[in-house]
Amino acid sequence: MDTSAVQLPFRDYSLQPAPRYINARCHICSVTGAIYNGYFCNDPIVWMHKECVELPSEINHLFHPQHPLLLTYEEGWWSCFCALCGETKPAKYFYSCSTCKIKVDLTCGMNPPPPAIEHPICHDHPLVFLKKRQEKTPCEVCKNRIIGSSYSCLGCELYFHVGCIHLSKEVNHPCHSDHPLMLVESESLTDNDKKTCFLCGQQPHGILYHCSICNFTLCIGCIKSPPPLVVENVKTHKHPLTFFPRGVYCTCNVCGVKGLILSYMCLQCGFAVHCSCVDLPQVMNINRHDHRISFTQHLGPGYLNCGVCRRSVCQFNGAYSCLVCPNYAVHSRCATRYDIWDGVELEGKAENIEDIAPFKVVGDDLIRHFSHSKHSLRLHKNNIIYDDSTRCEACGHPVEFGRIYNCEECCFILHEKCANLPMKKRLVFSTLPFLLLGPGNDVCKVLDCKLCGMFFTGFEYKSQERRQSDIDVHCGSLTEPFVHDGHLHPLYFDQKQKELPCNACQKTIRDYMLCCADCDFNLCLWCASLPKKIRHSNDEHILTLCCGEEANGKYWCDICEAELDPSKWFYTCFGCGGTLHVECVLGDFSRLMPGCTIDYRVYTVEVVFNNHNTRPMCSRCHSRCKVSVILKFREGNIVYFFCSRSCFLMHFSYYL
């Protein structure tokens with residue numbers, strides 16, 4: 001592969017100063033550990049050491065004096081074989097010479113190992129540098145196997161890791177000045193010994209520094225780069241803060257968390273703060289609220305629960321509040337979570353008022369919508385005739401109830417609520433805003449909502465985050481607090497941490513869910529977006545969503561004629577007493593526009609109504625297609641029909 005100099009991605013990233021202390025993996029050097037005064041980017045979400053961002057683009061290296069070495073980036077996760085140390089490391093960034101086709105990893109590029117060390121710390125004799133050897137020998141310091149390059153004492157036939165030669169067997173550290181710390185193997189510690197690092201909380205493997213008297217442990221990374229002993233940050237506190245190298249049982253004045261904490265303190269004021277709570281952003285946007293929120297040292301009265309975790313907030317500690325919404329507050333730890341905050345400090349930055357309206361009013365009850373700019377749409381308020389084939393271009397559902405916009409020159413129709421969907425909005429599924437996109441042409445690519453698992457061809461909300469998938473407008477329209485007739489309490493978004501069933505359909509929840517803060521009730525996003533009223537060709541009356549009930553007798557579905565479990569949500573007709581499965585009424589393709597042709601990978605598939613006198617057999621499960629909308633695939637003279645998403649995917653898995 002050509003490793004000539006290319007435009008380095010991190011040069012174009014919108015970098016923001018990271019919090020003073022954070023545990024993360026550096027995007028450039030790939031080292032995981034504590035990052036002090038580094039940089040953060042929210043798209044993609046990465047952290048970087050300050051010194052890594054400031055790496056020179058070109059270096060002159062003693063190992064390769066013929067040509068300069070250029071800082072190089074390779075897309076993907078490639079291995080870098082370092083021509084200097086002989087090790088192969090997973091790395092995206094390295095130094096290279098395109099003329100000689102050699103690579104040097106970042107460590108060897110900036111801090112090349114000397115060919116010999118006359119007076120090493122770890123040994124009494126001089127050591128010489130060796131490239132990677134075939135024989136796997138243990139390191140004399142950490143006792144772990146040496147896989148890559150090493151240093152060796154040729155007289156004693158002892159070998160040392162490159163990273164271990166400068167490690168002292170005993171160190172005095174400012175975080176533990178009472179006793180020296182001894183270099184030990186983690187496996188030599190007993191179950192009663194503390195094996196996690198006191199500073200970063202990580203549990204190192206291999207070697208660490210430990211005080212057996214105090215049962216105090218530090219990892220190698222925190223030994224090399226300890227936290228600053230004094231911090232002057234007027235945003236956190238008006239006086240300088242001194243690092244207190246002992247765990248103190250107290251309450252952090254910034255986040256309000258009480259417990260044994262490692263803190264910076266102001267003895268003059270009795271002020272204590274976590275290392276990670278120093279230098280918190282003062283103004284920010286989060287994906288749980290539409291307005292900016294600002295940090296305050298003392299929240300004050302009038303606030304009940306946190307807008308993220310729904311637990312109570314304390315008026316005497318620091319938190320974030322909204323200047324527009326008088327009762328909205330968020331814990332500082334909740335607000336700065338990686339899945340909540342976009343990482344951008346907004347203090348001193350003017351707020352841009354964006355026009356997110358999806359249409360412009362051009363007359364009385366007349367609009368020009370972004371998705372149909374060639375014609376105007378007129379609002380119809382009454383006398384809307386139901387027709388299953390007349391469907392909303394945004395959500396794919398039939399035009400049944402409520403007001404609609406339609407084009408008088410073509411058959412383009414939108415529900416009024418779909419026409420008012422904002423062009424840009426914040427959703428809990430990403431830290432960056434989502435943009436509303438309209439449908440494609442007659443031949444369109446079927447989209448797969450990652451939240452509810454349904455195919456759709458209508459409007460989508462597209463995240464500005466590169467790794468995010470498509471979200472249909474049904475899931476994108478859900479807001480919190482979510483109030484539903486199927487539950488007494490309001491519901492809030494959460495991401496599942498374990499396998500949980502949906503209380504409506506009793507299927508395992510995929511990813512995000514709506515849950516109750518007061519009781520054990522969970523709702524998947526598919527069930528949360530079910531229409532409360534709907535029409536079906538099987539019944540002349542309006543069907544109403546029934547949110548489960550207790551029954552002694554048996555219920556039967558009027559469509560498939562199979563038994564219906566009344567504890568699950570189902571549709572019922574109050575006029576004739578009929579009951580119907582939700583999956584029989586809607587099916588897996590209810591969000592696809594009938595009559596359109598979709599591109600699924602390399603295949604062209606038709607979306608058709610299942611409204612003939614004789615319903616076709618599903619080509620996969622070989623049962624009668626019962627749902628209103630099915631998929632049709634033609635291969636030569638053979639026609640295939642599919643009744644469900646699983647049947648469709650299983651059929652095409654044989655072709656891929």
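Just so you know, glycine gets a Cβ as well, placed from its N, Cα and C.
Where the annotation comes from TrEMBL, it is an automatic prediction and has not been curated.
Look at TrEMBL and you will find 125-175 (among others) tagged as domain 'Phorbol-ester/DAG-type'.
Per TrEMBL, domain 'Zinc finger PHD-type' is recorded for 138-215 (among others). DSSP labels the residues of the domain 'Zinc finger PHD-type' (138-215) in these numbers: 3 helix, 29 strand, 46 coil.
Within the model, the domain 'Zinc finger PHD-type' (251-310) carries an average pLDDT of 86. If you look up TrEMBL, you'll see 251-310 (among others) marked as domain 'Zinc finger PHD-type'.
Per TrEMBL, the feature domain 'Phorbol-ester/DAG-type' maps to 289-340 (among others).
Annotation source TrEMBL lists domain 'Phorbol-ester/DAG-type' at 373-424 (among others).
If you look up TrEMBL, you'll see 391-453 (among others) marked as domain 'Zinc finger PHD-type'.
The domain 'Zinc finger PHD-type' annotation in TrEMBL covers 501-551 (among others). Note: the domain 'Zinc finger PHD-type' (501-551) comprises 4 helix, 22 strand, 25 coil (DSSP; helix = H, G, I, strand = E, B).
If you look up TrEMBL, you'll see 556-622 (among others) marked as domain 'Zinc finger PHD-type'.
When Cβ-Cβ distances under 8 Å to the domain 'Zinc finger PHD-type' (391-453) are tallied for each of 125-175, 251-310, 501-551, 556-622, the top count falls to 556-622.
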